[in-house]
Amino acid sequence: MIWAVVPAAGRGARFGGELPKQYLDVGGRPLIAYTLDALLSHPSVHGVMVVIAENDRFWRGMDAVAGKPVLTCSGGAERADSVLAGLNALPDDVRADEFVLVHDAARPNLAHADLDRLLDLGCGDPVGAILAAPVRDTLKRAGDDGGIDRTEPRERLWRAYTPQLFRRMQLSRALAAAQAAGVAITDESMAMERQGLRPLLVEGREDNFKITTPADLARFEFVLSQRHR
Ligand SMILES: Nc1ccn([C@@H]2O[C@H](COP(=O)(O)OP(=O)(O)OP(=O)(O)O)[C@@H](O)[C@H]2O)c(=O)n1
Ligand SMILES: C[C@](O)(CO)[C@H](O)COP(=O)(O)O
(Lines of atoms letter the chains of each structure in order from A; the text may use other names.)
(Lines give C-alpha, C1' and ligand atoms only; values in the text may rest on other atoms or scores of the structure.)
(Ligands and ions follow the chains in the order given, each with its own letter.)
Protein backbone atom coordinates (compact mmCIF):
# COMPACT_ATOMS: atom_id res chain seq x y z
CA MET A 1 0.00 0.00 0.00
CA ILE A 2 1.25 3.42 -0.90
CA TRP A 3 0.70 7.00 0.26
CA ALA A 4 -0.04 9.90 -2.02
CA VAL A 5 1.00 13.50 -1.42
CA VAL A 6 -1.49 15.87 -3.06
CA PRO A 7 -0.21 19.45 -3.53
CA ALA A 8 -3.32 21.63 -3.14
CA ALA A 9 -1.90 24.87 -1.78
CA GLY A 10 -1.91 26.91 -4.99
CA ARG A 11 -3.81 30.14 -5.60
CA GLY A 12 -4.91 29.39 -9.12
CA ALA A 13 -3.69 32.76 -10.45
CA ARG A 14 -3.87 31.67 -14.10
CA PHE A 15 -7.45 30.51 -13.57
CA GLY A 16 -8.47 33.78 -11.97
CA GLY A 17 -11.16 34.47 -9.41
CA GLU A 18 -11.11 34.51 -5.63
CA LEU A 19 -11.68 30.81 -5.03
CA PRO A 20 -8.60 28.64 -5.60
CA LYS A 21 -9.42 26.36 -8.54
CA GLN A 22 -9.08 23.15 -6.52
CA TYR A 23 -12.24 24.21 -4.63
CA LEU A 24 -14.36 25.19 -7.62
CA ASP A 25 -17.72 23.45 -7.74
CA VAL A 26 -18.08 20.75 -10.37
CA GLY A 27 -21.36 18.88 -10.34
CA GLY A 28 -21.97 19.82 -6.72
CA ARG A 29 -18.51 18.76 -5.43
CA PRO A 30 -15.23 20.66 -5.14
CA LEU A 31 -12.75 19.80 -7.88
CA ILE A 32 -10.30 18.31 -5.36
CA ALA A 33 -12.87 15.70 -4.33
CA TYR A 34 -12.61 14.06 -7.77
CA THR A 35 -8.82 13.95 -7.49
CA LEU A 36 -8.91 12.44 -4.00
CA ASP A 37 -11.59 9.94 -5.02
CA ALA A 38 -9.48 8.80 -7.97
CA LEU A 39 -6.56 8.11 -5.62
CA LEU A 40 -8.39 6.72 -2.58
CA SER A 41 -10.59 4.39 -4.63
CA HIS A 42 -7.48 2.64 -5.97
CA PRO A 43 -6.71 -0.54 -4.03
CA SER A 44 -2.98 0.21 -3.84
CA VAL A 45 -3.41 3.64 -2.25
CA HIS A 46 -3.30 3.56 1.55
CA GLY A 47 -4.02 7.24 2.26
CA VAL A 48 -3.45 10.79 1.15
CA MET A 49 -1.60 13.75 2.59
CA VAL A 50 -3.32 16.87 1.23
CA VAL A 51 -1.05 19.90 1.30
CA ILE A 52 -3.16 23.04 1.74
CA ALA A 53 -2.24 26.71 1.97
CA GLU A 54 -1.29 28.09 5.37
CA ASN A 55 -4.28 30.45 5.20
CA ASP A 56 -6.64 28.04 3.45
CA ARG A 57 -10.21 28.72 4.56
CA PHE A 58 -11.90 26.52 1.98
CA TRP A 59 -10.77 23.03 2.95
CA ARG A 60 -13.75 21.40 4.58
CA GLY A 61 -12.02 18.21 5.52
CA MET A 62 -12.93 14.88 4.07
CA ASP A 63 -13.94 11.82 5.94
CA ALA A 64 -11.74 8.84 5.54
CA VAL A 65 -12.72 7.14 2.31
CA ALA A 66 -13.24 3.42 2.70
CA GLY A 67 -11.38 3.74 6.01
CA LYS A 68 -8.37 5.29 4.28
CA PRO A 69 -6.77 8.28 6.07
CA VAL A 70 -7.03 11.78 4.60
CA LEU A 71 -4.44 13.93 6.39
CA THR A 72 -3.52 17.57 5.81
CA CYS A 73 -0.49 19.76 6.31
CA SER A 74 0.48 23.31 5.32
CA GLY A 75 2.18 24.01 2.01
CA GLY A 76 4.69 26.59 0.90
CA ALA A 77 5.25 29.42 -1.53
CA GLU A 78 6.00 27.16 -4.49
CA ARG A 79 4.63 23.77 -5.52
CA ALA A 80 7.97 22.10 -4.74
CA ASP A 81 7.89 23.56 -1.21
CA SER A 82 4.42 22.12 -0.75
CA VAL A 83 5.46 18.69 -1.98
CA LEU A 84 8.46 18.67 0.37
CA ALA A 85 6.22 19.69 3.27
CA GLY A 86 3.83 16.89 2.40
CA LEU A 87 6.61 14.30 2.31
CA ASN A 88 7.92 15.51 5.67
CA ALA A 89 4.42 15.34 7.18
CA LEU A 90 3.77 11.71 6.20
CA PRO A 91 3.35 9.33 9.14
CA ASP A 92 6.59 8.07 10.68
CA ASP A 93 5.73 4.50 9.69
CA VAL A 94 6.14 5.42 6.00
CA ARG A 95 9.68 4.14 5.56
CA ALA A 96 12.39 6.22 3.89
CA ASP A 97 12.69 3.70 1.07
CA GLU A 98 8.97 3.41 0.44
CA PHE A 99 7.56 4.65 -2.84
CA VAL A 100 5.21 7.65 -2.56
CA LEU A 101 2.95 9.12 -5.24
CA VAL A 102 2.79 12.88 -5.82
CA HIS A 103 -0.34 13.96 -7.67
CA ASP A 104 -1.64 17.46 -8.40
CA ALA A 105 -4.97 18.32 -6.82
CA ALA A 106 -5.58 20.09 -10.15
CA ARG A 107 -5.55 16.82 -12.12
CA PRO A 108 -9.00 15.35 -11.29
CA ASN A 109 -9.33 12.91 -14.18
CA LEU A 110 -6.72 10.29 -13.28
CA ALA A 111 -7.68 6.86 -14.60
CA HIS A 112 -6.99 3.72 -12.55
CA ALA A 113 -5.51 2.07 -15.65
CA ASP A 114 -2.85 4.80 -15.72
CA LEU A 115 -2.18 4.44 -12.00
CA ASP A 116 -1.93 0.66 -12.40
CA ARG A 117 0.66 1.05 -15.15
CA LEU A 118 2.64 3.69 -13.24
CA LEU A 119 2.79 1.50 -10.12
CA ASP A 120 3.58 -1.69 -12.04
CA LEU A 121 6.45 -0.16 -13.98
CA GLY A 122 7.56 2.47 -11.47
CA CYS A 123 7.82 0.23 -8.42
CA GLY A 124 10.05 -2.05 -10.48
CA ASP A 125 12.36 0.80 -11.46
CA PRO A 126 15.47 1.61 -9.40
CA VAL A 127 14.62 5.34 -9.47
CA GLY A 128 10.87 5.73 -10.00
CA ALA A 129 8.59 6.88 -12.80
CA ILE A 130 6.20 9.54 -14.01
CA LEU A 131 3.08 9.52 -16.14
CA ALA A 132 3.67 11.51 -19.31
CA ALA A 133 2.56 11.78 -22.95
CA PRO A 134 4.60 12.33 -26.11
CA VAL A 135 4.42 15.75 -27.77
CA ARG A 136 2.30 15.29 -30.90
CA ASP A 137 2.05 18.89 -32.12
CA THR A 138 4.68 20.92 -33.93
CA LEU A 139 6.40 23.22 -31.42
CA LYS A 140 7.19 26.85 -32.18
CA ARG A 141 9.60 29.18 -30.33
CA ALA A 142 7.94 32.59 -29.97
CA GLY A 143 9.80 35.85 -30.58
CA ASP A 144 9.22 39.02 -28.56
CA ASP A 145 7.12 40.44 -31.38
CA GLY A 146 4.61 37.59 -31.35
CA GLY A 147 6.09 36.11 -34.47
CA ILE A 148 7.68 32.68 -34.75
CA ASP A 149 11.42 32.52 -34.22
CA ARG A 150 11.76 28.86 -35.17
CA THR A 151 10.29 25.40 -35.01
CA GLU A 152 11.70 23.30 -32.20
CA PRO A 153 12.52 19.63 -32.80
CA ARG A 154 9.92 17.51 -31.02
CA GLU A 155 11.57 14.11 -31.33
CA ARG A 156 11.61 12.39 -27.94
CA LEU A 157 9.84 15.33 -26.22
CA TRP A 158 7.20 14.35 -23.68
CA ARG A 159 4.78 16.32 -21.50
CA ALA A 160 5.06 15.39 -17.83
CA TYR A 161 1.88 14.62 -15.93
CA THR A 162 1.30 13.47 -12.38
CA PRO A 163 1.23 11.16 -10.46
CA GLN A 164 4.97 10.90 -10.16
CA LEU A 165 6.38 8.01 -8.13
CA PHE A 166 9.57 8.15 -6.09
CA ARG A 167 11.00 6.84 -2.84
CA ARG A 168 10.15 9.10 0.11
CA MET A 169 13.62 9.98 1.38
CA GLN A 170 15.30 10.13 -2.03
CA LEU A 171 12.69 12.58 -3.31
CA SER A 172 12.76 14.65 -0.11
CA ARG A 173 16.53 14.98 -0.33
CA ALA A 174 16.40 15.88 -4.03
CA LEU A 175 13.77 18.56 -3.41
CA ALA A 176 15.69 19.93 -0.43
CA ALA A 177 18.88 20.07 -2.50
CA ALA A 178 17.15 22.01 -5.27
CA GLN A 179 15.61 24.34 -2.67
CA ALA A 180 19.02 24.95 -1.10
CA ALA A 181 20.51 25.64 -4.54
CA GLY A 182 17.72 28.12 -5.31
CA VAL A 183 16.67 26.11 -8.35
CA ALA A 184 12.99 26.43 -9.37
CA ILE A 185 11.58 22.90 -9.61
CA THR A 186 8.40 22.39 -11.63
CA ASP A 187 7.96 18.68 -11.08
CA GLU A 188 9.43 15.98 -8.83
CA SER A 189 11.25 14.32 -11.71
CA MET A 190 13.26 17.50 -12.32
CA ALA A 191 14.60 17.36 -8.77
CA MET A 192 15.60 13.73 -9.27
CA GLU A 193 17.19 14.49 -12.64
CA ARG A 194 19.33 17.17 -10.94
CA GLN A 195 20.76 14.31 -8.89
CA GLY A 196 21.81 12.57 -12.09
CA LEU A 197 18.93 10.09 -11.95
CA ARG A 198 16.77 9.07 -14.93
CA PRO A 199 13.15 8.39 -13.93
CA LEU A 200 11.11 6.14 -16.22
CA LEU A 201 8.55 7.67 -18.58
CA VAL A 202 5.20 5.84 -18.45
CA GLU A 203 2.79 6.86 -21.19
CA GLY A 204 -0.52 8.05 -19.80
CA ARG A 205 -3.88 9.08 -21.18
CA GLU A 206 -4.24 12.51 -22.75
CA ASP A 207 -7.28 13.19 -20.57
CA ASN A 208 -5.18 13.30 -17.39
CA PHE A 209 -5.01 17.05 -17.96
CA LYS A 210 -4.36 19.74 -15.40
CA ILE A 211 -7.02 22.33 -14.63
CA THR A 212 -5.11 25.57 -15.19
CA THR A 213 -7.59 27.85 -17.00
CA PRO A 214 -11.41 28.06 -17.26
CA ALA A 215 -11.24 26.20 -20.58
CA ASP A 216 -9.70 23.22 -18.76
CA LEU A 217 -12.57 23.23 -16.27
CA ALA A 218 -15.10 23.27 -19.10
CA ARG A 219 -13.28 20.29 -20.62
CA PHE A 220 -13.47 18.40 -17.32
CA GLU A 221 -17.19 19.17 -16.97
CA PHE A 222 -17.71 17.70 -20.44
CA VAL A 223 -15.62 14.63 -19.58
CA LEU A 224 -17.72 14.11 -16.46
CA SER A 225 -20.93 14.44 -18.44
CA GLN A 226 -19.77 11.64 -20.71
CA ARG A 227 -18.89 9.37 -17.75
CA HIS A 228 -22.49 9.12 -16.62
CA ARG A 229 -24.09 8.60 -20.02
N1 LIG B 1 2.65 26.82 -3.73
C2 LIG B 1 1.93 25.86 -4.37
C3 LIG B 1 1.59 26.00 -5.74
C4 LIG B 1 0.84 25.01 -6.36
N5 LIG B 1 0.45 23.93 -5.61
C6 LIG B 1 -0.36 22.90 -6.22
O7 LIG B 1 0.33 22.31 -7.31
C8 LIG B 1 -0.62 21.86 -8.30
C9 LIG B 1 -0.20 22.30 -9.71
O10 LIG B 1 0.07 23.68 -9.66
P11 LIG B 1 -0.68 24.75 -10.58
O12 LIG B 1 -1.56 24.11 -11.57
O13 LIG B 1 0.33 25.74 -11.04
O14 LIG B 1 -1.64 25.45 -9.50
P15 LIG B 1 -1.57 26.96 -9.01
O16 LIG B 1 -0.18 27.28 -8.53
O17 LIG B 1 -2.70 27.14 -8.07
O18 LIG B 1 -1.87 27.75 -10.37
P19 LIG B 1 -1.25 29.16 -10.80
O20 LIG B 1 0.20 28.87 -11.16
O21 LIG B 1 -2.09 29.53 -12.00
O22 LIG B 1 -1.40 30.09 -9.63
C23 LIG B 1 -1.98 22.40 -7.90
O24 LIG B 1 -2.79 21.35 -7.40
C25 LIG B 1 -1.65 23.43 -6.83
O26 LIG B 1 -2.69 23.54 -5.84
C27 LIG B 1 0.81 23.79 -4.27
O28 LIG B 1 0.44 22.80 -3.62
N29 LIG B 1 1.54 24.76 -3.68
C1 LIG C 1 3.82 18.89 -11.97
C2 LIG C 1 3.22 19.23 -13.31
O3 LIG C 1 1.82 19.06 -13.28
C4 LIG C 1 3.81 18.34 -14.37
O5 LIG C 1 3.42 18.80 -15.65
C6 LIG C 1 3.49 20.70 -13.70
O7 LIG C 1 4.89 20.92 -13.75
C8 LIG C 1 2.89 21.66 -12.69
O9 LIG C 1 3.16 22.95 -13.19
P10 LIG C 1 2.41 24.17 -12.50
O11 LIG C 1 2.86 25.39 -13.24
O12 LIG C 1 2.85 24.15 -11.05
O13 LIG C 1 0.96 23.88 -12.69
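Each Cβ is built from the backbone N, Cα and C atoms, and glycine gets one as well.
Keep in mind the model is a prediction, meaning the values are calculated, not measured.
Quick look at what TrEMBL lists:
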- ARG14: site 'Transition state stabilizer' (SITE)
- LYS21: site 'Transition state stabilizer' (SITE)
- ARG154: site 'Positions MEP for the nucleophilic attack' (SITE)
- LYS210: site 'Positions MEP for the nucleophilic attack' (SITE)
Expressed to the nearest Å, what is the distance separating LYS210 (site 'Positions MEP for the nucleophilic attack') and ARG14 (site 'Transition state stabilizer') at their Cα atoms?
-> 12
Distance from ARG154 (site 'Positions MEP for the nucleophilic attack') back to LYS21 (site 'Transition state stabilizer'), taken between C-alpha atoms, in Å | 31
Taking each of the recorded sites LYS21, LYS210 in turn and counting other Cβ atoms within 10 Å of its Cβ, which one has the fewest?
-> LYS210
Taking only the recorded sites ARG14, LYS21, ARG154, LYS210, which have a CB closer than 6 angstroms to any atom that belongs to ligand 2?
-> LYS210
For ARG154 (site 'Positions MEP for the nucleophilic attack'), the same-chain residues 6+ apart in sequence with C-beta under 8 angstroms from its C-beta are VAL135, ASP137, THR138, LEU139
When a 10 Å sphere is centred on the Cβ of ARG14 (site 'Transition state stabilizer'), how many other Cβ atoms does it contain?
-> 12
